[in-house]
Structures are given as C-alpha cells and as structure tokens.
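K.L.:
If you look up TrEMBL, you'll see 532-714 marked as domain 'Metallo-beta-lactamase'. The annotation region 'Disordered' is assigned in TrEMBL to 601-627. Summarising the annotation, TrEMBL assigns transmembrane segment to 6-22, 29-45, 57-77, 244-266, 340-357, 369-394, 406-426, 438-459, 471-490, 497-518.
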Amino acid sequence: MGLDFRLLVPAAVAWVVALVALRCRPVEGAVIAVVLLGLGVGAVWADRRRPSTAVRVVGLCCAAAALVSVAVAGHLATRQAGTVPRLATQRAVTQVEAVVVSDPHTVASRRPGPGTLVMVRLSVRSVIGRGQESTPRTPILLFGDEHWLDVTWHQRVRATVRLAPAEPGADVEAIAESRSPPTILSQPSILTRSVEHLRASLRRATDHLPADPRGLVPALVIGDKSRVPSALDDDMRATGMTHLTAVSGTNVTVVLMAVLWVCGWLRVPRRARLPVCLLGLALFVMLCRPEPSVVRASAMGVVGLLGTSMSRPRAATPALAGAVLVLLCVDPWLAASYGFALSVLATFGLVLFARPWGAWFARFLPSRLSWLGEAIAIPVAAQAMCAPVIVLLQGSVSVVGVPANLLAAPLVTPATLAGVAVVAIAPWAGPLAVVPAWLAGLPAWGIAQIAHVFAGVPLGTLPWPDGPPGAFLLAGLVLALLFLGPWLVAGALRRPAVAAGVAVLLLAAWTPLPGLGWPPQGWVYVACDVGQGDGGVLRTGEHSGVLVDAGPDPALIDSCLDRLAITTLDAVVLTHFHADHVAGLAGALDGRSTREILTTSVHDRPGESSSADEEPSQEPSVQRTAAAHGVPVRALIAGDELRWPGVIARVLWPAREIHAGSVQNNASVVLDVETADIRILLLGDAEREAQAQVRRALAREQVSRPVSVLKVAHHGSANQDPSLMKAISAPIALISVGADNDYGHPAPRTMTLLRDSGSTVYRTDRGGAIAVVVRGGRPLVARPG
C-alpha cells in the first residue's frame, strides 16, 4: 500500500509562510492571512467550475498557510500587548514579576571578573518601568548571576532588570540583564512540585553511577542535560548523537511501544489501547515538562510509530503533515528551529524509507537476523534526510554518524525503559531503585563509549561548504544517491576492489590538505579557538609571530601558541581593551620573548559611551600585566606602518574617537596586512561607524592586490557595514566566536551578507582553530585533526 503525500505540500508551504509572518507585525500577519484565504476561496471556486488536482492543491496550500498566519498574528499580538517591547527598545531598567519557564543553567561569559553567568527563560506577568505598569504575557531571556541558579521551573519571581530588544524573529521578545537577585513570590503548583520530585528522584538514584551514565540517563529519560560531562557532549555532537541527550521522537516511540506491549500482555481491548497510549504519552510529557521541544518530540514519535507499524503505515504521512500544522499553530517559532526541522526530516525519512530499505538490507542477512534490516535502515534513513540541515549547523559532514547511531540504537530502548522504571520506583522505595538505575546505566555507558570512540576516528568528519549553498549541494548529492544507489551498490558488489579504490580516491580528493598535521606547513595566519573572544597569529618565522588579540582566557591562548610552536612574539597587538580580547594576555606573555605590545590610541573615559551596556575597559589590567613582564607598550594610530619579517601591516583605524555605538569597539585597531602571497584585513570589533571610515580609507589606498582573507568584526555581530563587506568581497571570511554563546553571534543577517558578498565563512565554534595557508598562489583553509 502506497503512502499518501497530498497534505505534505500544504504543510511545507505553511512552514515557509510561518517563517515570513514571524518577521512581520501582527496586523501584517493578519493581512497575509486574509490574502491567502481569498486565494483559497478563489481556488475552490475555480475547482468547482473546472475540477483540477493542481488547483485543489493550491487551495489546500492557501488554507493551511492562512491558518498558520492567523496563529502567528495572534501569538505576536499577545506577546507585544504590554509595554515590554517599548521598554526593551529604550533599554529601560524595570521591575518585573515573571514565571520561570526553563531550568537555569550557566553559560560562557565574556564579561570580566569572577562569578557565574546564568541564563533562564521567563514569562513576564507584570512589569513596572518609566512610570507605567502593565500585565503582559511576554517571554524574555534573562542573564543573571549565580543567585538565579536557585530558581526552579514555574516559580513566580520578582527582579529588577535592564531590558534590551531581541533579534527580529526570535522566540523571546526581549533580553534582560538582572540588576538584583530574584525574590521568590510563589511556589509551583502541587502537580508541578510532584513532577519535580520524580525528576529529582531519578537524579538521586543515578548519583552512584560513573560520570558518563550519571549524566546520560537523566538526559535520555527526561531530557535533563545538566549533568552530562562537557567532553561527552562534544563527542556526541561530533558523532551526530546529540538527539540522544534530549527527549526525542525515539524516546517517545520506545515509551509508546512499551505501553502497547503492556496493553497486549494485559489483554486490554483494542478500542481502549489508544486512550491508554495517549494517557501514557501525557504522563511522559509531564515528566519531561511540556516544553516546545518535548511536545515536538511527542508528535514526531507518534508519527514514527505509525510509519513503522504494519497496520496503519499509509496514515503516517498525513499524520506528519497534520502534526507540522498543529505544532506551527501552537508554537510558530518552531518554524525557525533547527531542532524542529531535524525532527520532521528524520521522521519523514523513517516513514519513507525505513520499511523498504529494511527489506533490502534484510536480503543480505541470515533469515534469523532479518529483523535487523529495519534496525539498520532507521538510522541510515534519518541521517540521509537530516544531513543537509546538519551541514548548516556544523559546516561538515559526519562520516561516523551512521555507524555510531547504528551501534547506539539497540542501547537506547533498555536505557530508556530502565530509566522510566527508576522514576516509578525511586520516590517510594529509593534503595530498590539502585537495580534499575544500574540497568539503565550500563547501556548508557555503552552509548557514551560509542561516542568517545567514534569521535576519535581520524577523518571522522569531512569539510563541506558552509551555509545554504552547502546544504543544497548535499541535498542534491543525497537525492542523486537515492536514485543511483541501487546501481552503485550492484556495481560495488560485482567489482569490490574497484569500488574500494574509487572510494579512497574520492576521500583523498575531498580531504583538504592531506597529511599536513597541525599546524599545517606554510601557514600564514591562524584564528585561535579562544571561545567567545578574539585571538589570531600572523606568522613571521618558524617559531615567531605577531599575536593580534589574546582572547578571554590565558590558558586557551597559551595552548594555541604552544601548538603553533611560537616561542617569540614580535609584537602583541591589542585592538581594544575589552576583556574578550585582552584578558588572556598573561597566558601569551608567560614563557615567551615579547618585543612590544601595541594598543589602540583611544583611551577609555567612563561615561562617554553612548551604549548603555558598554563593558568596563581593561586598560589598567593590560598596563599591569605588561609591566610585570617588562614589555613596553605603545599606541597605534591610523597611518602607522608596521613591518615584521615577511609581513607589512598598515593601520587603517583609529584616526579619532567615535561617540556613536560602543566607543571601545569603534576604537579597535584595524590592520591591513600583506604577506608575500596574500592580503588579510583584520577588523577587531569595529562597528558600523568605524567600518565606514575603514571603507573610505581602503578606497584611498593605492593597493592593487585584493583582500583574500577577512577577519569579521565583533564575532559576526549584526552591527556591520554592508558596503564594506561588498567592497572587500574576500573569498575567505573568518569568525572567531564561542559555541552556544549568549549574544546570538554570528548574526544570521551577517552570515547572509558575507555569503552574498562572495565569501566562504569559517567559524571557530565549528571545528576549532582555523589556519590560512597558500597553495599555488591561492589561500586555502585547514583545520586541526
């Protein structure tokens, strides 16, 4: 029996319309809905006069898109009803009362000084600011100190915060910086506290397990990643196994299949099994918390179960389309979520390919193991469908993702079911929960070992063009393999030696700069991976270089310089005095011979910044560190020319102080660097105003060689000068940025601007440090490992 695809096109159209409507005002969303509804009515009228399948599909598309547009407009109107958007635009300090709607967790901070930066989502219920009070229901994202680690889900709290506007299309209306500790106004409901007790019981029952399963079991069962070790998290990301550290459709399917098995064992009537399954699903969602990602996973799990069942496979595709439409109406911001896209694509791959591919794989297995065919097909189908989206996230293609997930798949079910058993037993008989905790911990340990082993496989990931071009290229390749796959497999089986030789040649051709190691021979410039900050090295000799910014962490910049075998620094250029550029200075100077430190000539004078969020200058700290190491400091100004072995650098900025925007960012030293082969432009953190001055300075320069490499300003923030990017059109653009940073860097609009300007973008948060080398007069990029 074939699959029914009629509703998938309307669902896809509604998805695209939701993305557009999210960036509109509520009234504009309503207008879009009215226009689409009118088109839909016109299509119905046309179909009645002259029946046509195409016209009918257009009508369905208009109806679905109109429905989603109305939902988006309603959600936006509700969010923007109070004074929060206006106060955020004014960057006002306000008092808010809000409900905690996520767990607080620590994030990396580039702000100076000790302390912990905590991120938590709130739903504002009352706000007082600028002489006005309103009672909206507006979501905000708050950053605060360690006091915020004590709040729990669904508590009502009061705090003083400074508001700032969020990015357009974001799933929160404002970003808030806490100016006071939270005051707890009320505790969650009895039901919520009961759920929290169950979750805490699971954590207590797994306390005695080794580190990896201690963190992974709660992540698998209830989506609690708070105790997953960072090394394991990195390795699961590298192997495409991150879906196992969150509540996914796989977990939901496992739970539903277990409920169905229990119903069959108890001989529950067939008509009663659906309500029982829905009840079990509701309880599981409550245990994991009804957050958007959990609701999404539940919907996809139900669809996946339909797709792999023998009784109703035809219902899976309409169910998938219906799930997409319902979820977009409930939470339109899912339309812009990578997680939602991955869930839908993985489920579609499972529905479309799991059974036929499983039957094909079973042909090559002994009859007793034929059931393994579908087990093999499920991760292969999911990886094939998700690969283009994963490229957008990682900028690479995982070679080990399919085998890693294939080996881990049989371990997910026992770990999940044993974890659910722990939740059921631990609150009433804690000592007895030790047994199922270990039964869950053993397969979880196995999953962790698979991630560690496959993450260490050489050439486990292949570099791939970043952004939409790379995604479309991989999607085309996947489609080609789907059509040519049977022919290629048949040919490989007939001539395995030839197939192996071709595979090796393709791998060698695709792998960049094979055999170079790290650092690659003849490297010219390296953007170090220093987290959310800047640190780059211009090579001036075999063991010497010029360091441009030192990042936020002494250990990270020291490690980068050690790996590059740099023992002498001809100079350290500190573009400006923000901590994420200078706090690592001591790590660069310790144990190395440094000739001088060069800084911006614009010195910070408190109170002159036009930015309410201007960070304090670290110039006094820089002076103390330089004096302690006996290194002289001098300031640079536009027009200075710096010469080191094999390198000439012209200082394009600063020529004066700019009071617009961030004074310190706009005081950044901007270097126009020429080596024997290429030209590099290093922009520091210069914002739009300073970049405009740089553009004019470049126009005045009599330099015929084009810029080959651009170090993008301010970690790819949205505050860029489009005219400068287009004038440069550098083939290589480097962004130094921290993974999962709390500033939204790099901004999507900046990524689009760079790609539209002809640049291939490389980021330190995706693959670590970036080396620029020259081969045949062309700049190329190499990455560690």
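Yeah, the Cβs are placed from backbone N, Cα and C, and that goes for glycine too.
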K.L.:
Over the domain 'Metallo-beta-lactamase' (532-714), work out the mean pLDDT and round it to an integer.
P.N.:
87
K.L.:
Any chance the transmembrane segment (406-426) and the transmembrane segment (57-77) have 3 or more Cβ pairs under 8 A, given the pairs are 6 or more apart in sequence?
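P.N.:
Checked: the transmembrane segment (406-426) vs the transmembrane segment (57-77), no contact.
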K.L.:
Any contact between the transmembrane segment (6-22) and the transmembrane segment (340-357), i.e. 3 or more CB pairs below 8 Å with pairs at least 6 residues apart?
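P.N.:
As far as Cβ distances go (cut-off 8 Å, pairs 6 or more apart), the transmembrane segment (6-22) and the transmembrane segment (340-357) do not touch.
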